[in-house]
Every structure is written in structure tokens, then in C-alpha cells.
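Per Swiss-Prot, the features are as follows:
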- 5-113: DNA-binding region (DNA_BIND)
- 117-148: region 'Disordered' (REGION)
- 125-140: compositional bias 'Basic and acidic residues' (COMPBIAS)
- Lys137: SUMO cross-link (CROSSLNK)
- Lys137: SUMO2 cross-link (CROSSLNK)
- Lys166: SUMO cross-link (CROSSLNK)
- Ser225: phosphoserine (MOD_RES)
- 228-251: region 'Disordered' (REGION)
- 228-239: compositional bias 'Polar residues' (COMPBIAS)
- Lys260: SUMO2 cross-link (CROSSLNK)
- Lys293: SUMO cross-link (CROSSLNK)
- 297-349: region 'Disordered' (REGION)
- 314-324: compositional bias 'Low complexity' (COMPBIAS)
Amino acid sequence: MPVERMRMRPWLEEQINSNTIPGLKWLNKEKKIFQIPWMHAARHGWDVEKDAPLFRNWAIHTGKHQPGVDKPDPKTWKANFRCAMNSLPDIEEVKDKSIKKGNNAFRVYRMLPLSERPSKKGKKPKTEKEDKVKHIKQEPVESSLGLSNGVSDLSPEYAVLTSTIKNEVDSTVNIIVVGQSHLDSNIENQEIVTNPPDICQVVEVTTESDEQPVSMSELYPLQISPVSSYAESETTDSVPSDEESAEGRPHWRKRNIEGKQYLSNMGTRGSYLLPGMASFVTSNKPDLQVTIKEESNPVPYNSSWPPFQDLPLSSSMTPASSSSRPDRETRASVIKKTSDITQARVKSC
């Protein structure tokens, strides 16, 4: 292979102008459109002198074939020529004018002028590279200029001082902390925000002189839940009001029946009273069934004691004592049963 050889485009022009290869000719010399015979060896068979003289000449020119030394290989010559034609940037195929079938198959190509030649894919013009390098170099300079413009409004004292920039992840605020050794006591630990964020942030600053925060009891006053209806009914049954207790205290008297003490109100109520239902039935005590027997001869509340004062003592007391005794025994037995069941839970009245 020769060290220096002619490039393919001028070599093709020389071959076309020689008129030594059949089928190779100019179709439009002004537009540089030419025709190359392109036979298919697999279909029609190879005639080296008729179908492959151009491919053979290119193989000899590139040093791939030496006449009289190498065996003829028109198929390889054609493949090498096609690859060389496709790699040229200044020659393109005119596919609408090419005929690829038949005994007279040929291809039409056009040589492009310098103005229409596309640049190579792997290379870029120097101007684009230089512009890109300049653009990359100018970006840090612009950022530093923007930072200096943000501090340019300060006095010359701050401009001379060295500053450190804190870069935080996902931070859009540049914070410049000025050196503390060069500042007075009035401007120590001062932070200058060059680019404040769009969203305002509320920051609470407290000092030692500020008052202590309000206690939790002041922030959340004590609240008492309302009393349920069941509790109200229970309290009304078990706990008397002040007026009732004031009126009823002087009238309560103690009585001893079968070794147990009971209270009775002789002035306004019957002789013996059972404790209220609230004292027997509550939320924390088992449900009990209490039976109260009604008196056969109830005493009116507005009558004086003892009843039937007009009657003789012997006649009036005898039936009353005989009739009231079983009633008293019945009440006492009921109270005794209930007190034995509840024992410690029921307090004595």
C-alpha cells in the first residue's frame, strides 16, 4: 500500500474523465452527477472486464490487489468500494435515479460543493468548542459577581473583611458570617442574607430577661364535666338539701329495735323510715330488690301524736299496739335482710 495516494473524489473524477470504463460517465457535469455500473454477481455472474473494472482499479489504487500476484476477487473489490463511497462526506447517492435491478443496473451519485458539505459527526468546529469553554469559565465569575453585588451596599469596612459562605443541602439562602475579630461589640454575630427566600419564616427569639412561659394550668384551665342524670338522681335521693337538713335535724330521734339503732321523725313523717334507694342501689353495688309493705292504718302527717286523744287510753292504745307490732316486725325483718346482704357496703342510717 503506498504511503501517499490520491483521495477518492479526485480519483473518481479522473476515472470518469478518462472514459476507459464502460458505464462510468457524467450525467450532469455542471452539477457533478455521475453514473456507476452496479451489477449483482450472484444473479448475473461476474465479467471482470465488463462489470468490475472500476472496483479492480480501486483495489489496485489502495494496494488491496496486485495484478499477477493476487487471485482476482471481484466480490471483495466491490464491497471495499461501496464502503469507501459511503464514508465520503462530499458524495451522496441520488436514490430516485438509481436502477438496482436488471442487466443494466447502475447507481447515480452527486459530488457536493464545499458550501453543502456537512461537517463530520465526530468533530465540531473550533468556534463551538471555544464558545462552550468560555461559557463554562464565565459561570463561576458571574456567581462571584452576583455575590459581591449583594454585599456592595455595605460600608467599605464590611467589604474588606473576609467572609465565609455556608452552603447547605437544598438551601436557597446564602448566609455570610462576618469575622467576629474585626467587628465591634454592637455588631458581633451579625448575619447578612443576600437572597432572602420568598416564604417568610417566623422565628421566636427569647432572652434571659424575658418572662418565663405561662404554666400549663393557665393555658389549659380546669374543666369539670357535667353531672349525668343518673348521678343527679342518686344525689337527690341520698343527699338532702340544706333546707331539708335544717328543718329535719331537730326532729330526728334514735330508736333501738332488736339491738339495732334507727332514726325516726315523729313530727312530719311516719314512725319508721327506710333508707333511700340510692344507698342500696348504686353503680358500684349489686342490684337488690327491696320490698316495702304499706301500713294498714297510716298516720296522717298533719295530725298530732299520739292519735285519737279523745279516746280512753286503754281502748286507743290496745288496738294500735297490736296492729303496729307486726308492721314494725315486718319492716325490721326487711331492713335486717338487706343489711345482712350488703354488710360493709351499706352504712347505717
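Placed from the backbone N, Cα and C atoms, the Cβ positions cover glycine too.
Bear in mind that the values here come from a model prediction, so they are computed numbers and not experimental data.
Residues of the DNA-binding region (5-113) grouped by DSSP class, helix first, strand second and coil last, total 46 helix, 19 strand, 44 coil. Note on Lys260 (SUMO2 cross-link): other Cβ atoms within 10 Å of its Cβ, all shown chains, come to 12.
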